[in-house]
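Quick notes on the structure that follows.
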Amino acid sequence: MTMKQIILTGGGTAGHVMVNLALIPLLQKEGYMIDYIGSIDGIEKELITPIEGVTYHAISTGKYRRYRSIDNLKDPFKVLNGIRQSVQLILKLKPSIIFSKGGFVSVPVLIAAKLTNTPAVIHESDLTPGLANKIAMPFAKRILVTFEKTLQYVDEKKARFIGAVVRPELFEGSKQRACEKLMFDPNQPIMLIMGGSTGSKHVNTFIRDHLDRLTKKYQVIHLTGKALSDETVINARYKQYEYVADDLKDLLMSADVIVSRAGANAIFEFLALKKPMILIPLSKKVSRGDQLLNAAVFKEAGFAKVIEEDELKEVQFFKTLAELEQEAPEMIKEMAKRDAKDAIFEVLKAIHTYEK
Ligand SMILES: CC(=O)N[C@H]1[C@@H](OP(=O)(O)OP(=O)(O)OC[C@H]2O[C@@H](n3ccc(=O)[nH]c3=O)[C@H](O)[C@@H]2O)O[C@H](CO)[C@@H](O)[C@@H]1O
């Protein structure tokens, strides 16, 4: 039997790697040889290289910045180099298919897929496609989307709504394990704060400024983002971590309420675990506004309360928190009603359908 070969790509932020992390064990069970194309120093390298049986290849990548920068002129050359490297890798590895989760590293890989006539499938987690996926879409056979509304933004013939992919291990978390580790009382409420995979300085500052009031009621777990913890803040009912990998499942399971940015992967994880949430979407000033749309859909469905960044002030926050506490039982009921598709198997199905 000849083994099947697949190339996975995607990176830049952790959100762009999570679907691949969920996919790898399933592909390995089916006997695929897996190669991963990522950037030289992105988070994908950190998350993927420890996985046994997956070979990581770093290529040259460029990205478009929303502000004026000389790098915006230099980066097209890096992308060209990345395309050349990807073509060489594809010719050497001869994959039956390429699966891309998006992010800038995926653009040269998808162009190389087209140049070598290798089928490719893309997954988009946000309501509106990111720039990298937008550029890459013409080169893909299938575009899998998380939000039904996304269908109106992409080529209808190629797109398919499959719902969100949530890493299966997140369902195996334990509140007890979390409380033992944190030295928290399991009988008192726990609030988890997450500023996305990279953390949010804005949210971090707000939380620290109001910590005394928050910790009166809650034991607080704060995921601050890399290099954003502040060891001068000392409080027995407050624990901070910059980034949590394996233990995240326990921390999520232990939370009674979550306060978070509105990155697509994270919010669907909270939804799958039925966690009442307050979302503080990243504003349009510093992003394309994808989180505002993600958050609006969750609010409309009754899964979340939303505070816009400019409104993140003490009065507004604690008023919203009080409403959330009151509405939480109803919110959890709404979340339980939702027909959660097993989206990871839809991803596998698409891979099988389009591979050579
Ligand atoms: C600043 C930015 O560009 N953000 C984008 C990025 O967010 P970001 O990379 O933050 O992505 P998400 O919020 O979608 O996902 C974060 C992921 O990191 C995990 N996690 C987080 C913290 C931690 O300590 N440990 C851990 O494992 C979460 O469980 C989740 O799976 O991609 C998302 C999906 O395309 C977009 O919606 C966001 O707008």
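Any Cβ shown, glycine's included, is placed from N, Cα and C.
Now, the feature entries from TrEMBL:
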DOMAIN    6-144  domain 'Glycosyltransferase family 28 N-terminal'
BINDING   T13, A14, G15, R167, S197, Q291  UDP-N-acetyl-alpha-D-glucosamine binding site
DOMAIN    191-341  domain 'Glycosyl transferase family 28 C-terminal'
Work out, from DSSP, the number of helix, strand and coil residues along the domain 'Glycosyltransferase family 28 N-terminal' (6-144).
63 helix, 29 strand, 47 coil
When the number of other CB atoms within 10 A of each residue's CB is tallied over all shown chains, which of the binding-site residues S197, Q291 has the maximum?
Q291
List, in sequence order, the same-chain residues at least six positions removed whose CB sits under 8 Å from that of A14 (UDP-N-acetyl-alpha-D-glucosamine binding site)?
I43, L47, S197, T198, Y243, N265
Over the span of the domain 'Glycosyltransferase family 28 N-terminal' (6-144), how high is the average pLDDT in this prediction?
93
Which of T13, G15 (the binding-site residues) has the most other Cβ atoms within 10 Å?
G15
Write out the long-range same-chain contacts of R167 (UDP-N-acetyl-alpha-D-glucosamine binding site), meaning residues 6 or more apart in sequence whose Cβ is under 8 Å from its Cβ.
M18, L21, A22, E269
For ligand 1, list the binding-site residues among G15, R167, Q291 whose CB atom is within a distance below 6 Å of it, in sequence order.
G15, Q291
Return one of helix, strand or coil for Q291 (UDP-N-acetyl-alpha-D-glucosamine binding site), based on DSSP.
helix
DSSP-derived structure type at R167 (UDP-N-acetyl-alpha-D-glucosamine binding site), helix or strand or else coil:
coil
